[in-house]
Each structure stands twice: as C-alpha cells, then as structure tokens.
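Summarising the annotation, Swiss-Prot assigns region 'Interaction with FAM72A' to 1-25 and lists experimental evidence as the type of evidence. The phosphoserine annotation in Swiss-Prot covers Ser12, Ser14, Ser23, Ser64 and is backed by a large-scale study or a structure entry. Summarising the annotation, Swiss-Prot assigns phosphothreonine to Thr60. Annotated region 'Interaction with RPA2' per Swiss-Prot: 73-88, in sequence order, evidence recorded as experimental evidence. The site 'Essential for UNG2 recruitment to nuclear foci' feature in Swiss-Prot is assigned to Arg88. Summarising the annotation, Swiss-Prot assigns dsDNA binding site to His157, Ser178, Ser256, His277, Ser279, Ser282, Arg285 and lists experimental evidence as the type of evidence. The N6-acetyllysine annotation in Swiss-Prot covers Lys295.
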Amino acid sequence: MIGQKTLYSFFSPSPARKRHAPSPEPAVQGTGVAGVPEESGDAAAIPAKKAPAGQEEPGTPPSSPLSAEQLDRIQRNKAAALLRLAARNVPVGFGESWKKHLSGEFGKPYFIKLMGFVAEERKHYTVYPPPHQVFTWTQMCDIKDVKVVILGQDPYHGPNQAHGLCFSVQRPVPPPPSLENIYKELSTDIEDFVHPGHGDLSGWAKQGVLLLNAVLTVRAHQANSHKERGWEQFTDAVVSWLNQNSNGLVFLLWGSYAQKKGSAIDRKRHHVLQTAHPSPLSVYRGFFGCRHFSKTNELLQKSGKKPIDWKEL
C-alpha cells in the first residue's frame, strides 16, 4: 500500500536521495515524539559532545589502578578500624600483656559471636566460671614469662570450682579426682612435696605455668555444653602465639584431647611431654610414674630458665 512500509523494507538498502541546496540557516537535528532526538543513520556525522570537566570522555580506557600510597592508606585505615572494634570487645579481666598480643582476635566475627553466645547463656543459665574469672590465666603472669603450658579441656561445672585455671579449684572446695591424682604423682616425683590441703594452683600460674583449658566456660552441671562455640579457635590462637613467639617452653599434654590440640607445636623449638590423662579412668595408663614435673624442671634448667617450685601452692 502506497505510503506504508513493509517489514522487509526496514532491512533493505535505502534508495539514494537527491541532494538539495543547502539551507541558509544551520541544519538542526529533528526531534521525534516528546522532543526526543531521532537517531541518525551515520553517527560519525554528528559531532561528539565533550564530557564535562573532571569526567572521562566516553570510550576512553579505565583509569589507572590505585597508587601504592593509596593502597597503603586503605590498609592502615582498615587496621585502625579493626583495632577500634577489638578495643570495644576486650573481655572483662583480660591481662594487659596478653591483650597486647591477642587483641587481634577480639574483632573477628567468631569471637564477637562467641561473646554474644556466652552473654546470652548467662541470662538463662548459671555459667562457670563467673565473668571476672574466665581469663584468670592472663592475670597470673606476663605472656612473655610463660615457661610451662598444661592444656586442659573443659572447666569444672560444679559450684565454686572453676576459676579460670585448668585442673585448679577455688578454696575451700576439695580437689577433684584428677587433681588428687596429680598430687599423688607429685608426691613420688618431687622430693618433699606434701599435699597442700586445697586445690588452688595459682602458685604455679604465678611462676609461669599456663593452665589453659581449650573451652573457657561451661553451663552448670552440663560438661562440654560450650564446646564448638568458638573457644577452641581462640585458645588455638593463644597456643599458636606462644609456639611462634617463645622458645624452650615445656608443653605437658595429658590425654588424647590435649595431644591433638598441641599437635602443631614446633618440637624443634619447644619441649613436649605426653602421657595419659590423670582422670581415674586413665591414670594407670601412663600418668602415674610419668615424672613430668621433675622432667620439666630438667628441661627448663637446660634452657637456662628457673625451674618451677611445684611445692609453692
């Protein structure tokens, strides 16, 4: 039909048009509906508009990457932000020297989640030890004065027992069976050792014996109730720092759990003594007669360090 185009005509070459004399006025590109400019068939015929000052011209290659100085500034700002976050999350009663070297953990998502979990648990249940005693092990000596590391698993879950040192209980709570077996081994291994009549091992901790549980809190009367909540990752970080930044430490790994946790210890740099756990269930499988306490002192003396007075309780 005259005056109408077929679909095919849109894909056919346009017939040549007659050239008319130039108009005395400058040509202006026409507009279509609502004043929108019609597209020209030849983009090269339309002068390109210059981008405003400060903007890249269309089609120009992307700008060069950030300079080394800019990247360094970004990293420093990020590190400063993490430090501020860590400072807000410092737990109650965390020793200063330990905080200096371990505060990097406080801003990590797992630790923030862990602190939230423990806080929520305390709202609904009795949790041991109380908040100000969870990190007793950081208050007894400077992190750089640690000489011996004894790894435990889980805090005691009875009233007034756990106070932030593995195997240790507060006075006047009687020593639990595992600690009683430790005292029995001491009485045969260390000359003149006498049962102290209590279970508080703070005297060892003040001499540089780190008494560290893998999990640092527990719900009352429910052993292992706070396992796999993040404590293991945090105490792994503690052991890792000591492993990498100290020399000649003596690690006492009693039982398969402690031995697994200490499997990454550099045995060329430190001393590792392993045996069965002092629990009544396993004490006769190697703990009695292990002589770990006298052996520890021999190793410390070889390293030029002052031995532990195991009687000082």
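Any Cβ shown, glycine's included, is placed from N, Cα and C.
Location within the structure of each feature annotated in Swiss-Prot.
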residue	record	Cβ contacts under 8 Å, 6 or more apart
His157	dsDNA binding site	Tyr128, Val218, Arg219, Ala220, His221, Gln222, Ala223, Ser225
Ser178	dsDNA binding site	Phe167, His277, Pro278, Ser279, Pro280
Ser256	dsDNA binding site	His277
Ser282	dsDNA binding site	Gly255, Ala276
Arg285	dsDNA binding site	Ala276
Lys295	N6-acetyllysine	Leu273
* To do: Give the three-state DSSP assignment (helix, strand or coil) for Ser279 (dsDNA binding site).
  => coil
* Asked: For the binding-site residues listed here, His277, Ser279, which shows the highest count of neighbouring CB atoms within 10 A?
  -> His277
* Does DSSP put Arg285 (dsDNA binding site) in a helix, in a strand, or in coil? -> helix
* For the region 'Interaction with FAM72A' (1-25), would you mind checking the mean pLDDT of the predicted model? => 44
* Asked: Helix, strand or coil: which one is Lys295 (N6-acetyllysine) in, per DSSP?
  -> helix
